[in-house]
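J.: Got a structure here, written out as structure tokens. Questions coming.
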Amino acid sequence: MWLCPLALTLTLMAASGAACEVKDICVGSPGIPGTPGSHGLPGRDGRDGVKGDPGPPGPMGPPGDMPCFPGNDGLPGAPGIPGECGEKGEPGERGPPGLPAHLDEELQATLHDFRHQILQTRGALSLQESILAIGGKVFSTNGQSATFDAIQEACARAGGHIAVPRSPEENEAIASFVKKYNTYAYVGLTEGPSPGDFRYSDGTPVNYTNWYPGEPAGRGTEQCVEMYTDGRWNDRNCLYNRLTICEF
């Protein structure tokens, strides 16, 4: 039975003109493809490829649980542009009541006394010779002699006026200068329109006198008053030079 395929094969070979020798391999035309075989086993992993480009940023993650420490203060910025004026505010609350008026008056009186004392001291020191304070007055002399009018001018320049006693204590204070310099001194009295009527420089009548017995005796010819070394008074011509004594 196997002789039939062999005879068929020989017949095909003879028809195609192919020579066949017993000792050589005959090459025929390709046969019909067979059915695909089953998949083989997976191969081994290949080598790492080249590093790719960075991908886009991912979405922001949730806040962390650990707080961060604040950083250092930055440099001060440049001054900003002045802003517009704001609206007028509401009136403030009423302040506490001020001091009573009488306290202010007392303060003014105290300041006036201080000012007066300063002027007294400044004027007395300007004479720079002898100073004596009696009550609210300061008597001072520069030790120089002059006429009545010249003494008035000198005392006025120093901020005072020619000394005039208005009490026994003040008379004794002026007399102490007269005794010290052993000379007479004018006091601030002048004769009025009537002979023997002596008054203060402001024109008011004299309320204290210490005349030497029999004085005043000039009867209108001696219109000033001088003090002796014992403190007694005598009317005298105003052109004589007498010790300069001022009061402040």
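Along the chain as shown, the residues are counted starting at 1.
Even glycines carry a Cβ here, placed using N, Cα and C.
Checked Swiss-Prot, it gives:
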{"type": "SIGNAL", "residues": "1-20", "note": "signal peptide"}
{"type": "DOMAIN", "residues": "31-100", "note": "domain 'Collagen-like'"}
{"type": "REGION", "residues": "33-100", "note": "region 'Disordered'"}
{"type": "COMPBIAS", "residues": "54-65", "note": "compositional bias 'Pro residues'"}
{"type": "DOMAIN", "residues": "134-247", "note": "domain 'C-type lectin'"}
{"type": "DISULFID", "residues": "Cys155-Cys246", "note": "disulfide bond"}
{"type": "CARBOHYD", "residues": "Asn207", "note": "N-linked glycosylation site"}
{"type": "BINDING", "residues": "Glu215, Ala217, Asn234, Asp235", "note": "Ca(2+) binding site"}
{"type": "DISULFID", "residues": "Cys224-Cys238", "note": "disulfide bond"}
J.: In whole Å, note down how far the CA of Cys224 (disulfide bond) lies from the CA of Glu215 (Ca(2+) binding site).
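T.: Each residue's Cα considered, Glu215 (Ca(2+) binding site) and Cys224 (disulfide bond) end up 12 Å apart.
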J.: Same chain, not part of Glu215, Ala217, Asn234, Asp235: whose C-beta falls within 8 angstroms of the C-beta centre of the Ca(2+) site? Give them in sequence order.
T.: Trp211, Tyr212, Gly214, Pro216, Gly218, Glu222, Val225, Trp233, Arg236
J.: Taking residues 6+ outside the compositional bias 'Pro residues' (54-65), which of them lie with a CB under 8 Å of any CB in it?
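T.: Tertiary neighbours of the compositional bias 'Pro residues' (54-65) are none.
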J.: What kind of secondary structure is the residue listed as 'N-linked glycosylation site' part of, going by DSSP in three states?
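T.: The residue listed as 'N-linked glycosylation site' sits in coil per DSSP, no helix or strand.
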J.: Of all the binding-site residues here, Glu215, Asp235, which one's CB has the most other CB atoms within 10 A?
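T.: Most Cβ neighbours within 10 Å: Asp235.
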J.: Would you mind reading off the Cα separation of the residue listed as 'N-linked glycosylation site' from Asn234 (Ca(2+) binding site), to the nearest angstrom?
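T.: Counting only the Cα atoms, the answer is 17 Å.
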J.: Based on Cβ atoms within 10 Å, give me the single least packed residue among the recorded positions Cys155, Ala217, Cys224, Cys238, Cys246.
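T.: Among the recorded positions Cys155, Ala217, Cys224, Cys238, Cys246, the sparsest Cβ neighbourhood within 10 Å belongs to Ala217.
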J.: Would you report the average pLDDT that the model assigns to the domain 'Collagen-like' (31-100)?
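T.: Averaged over the domain 'Collagen-like' (31-100), per-residue pLDDT gives 78.
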J.: Counting Cβ atoms within 10 Å across all protein chains shown, which of the recorded positions Asn207, Asn234 comes out on top?
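T.: For the recorded positions Asn207, Asn234, the Cβ with the most other Cβ atoms within 10 Å is Asn234.
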J.: Anything within 10 Å of Asp235 (Ca(2+) binding site)? Look among the disulfide-bonded residues Cys155, Cys224, Cys246, comparing CA atoms, and list what you find.
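T.: Within 10 Å of Asp235 (Ca(2+) binding site): Cys224.
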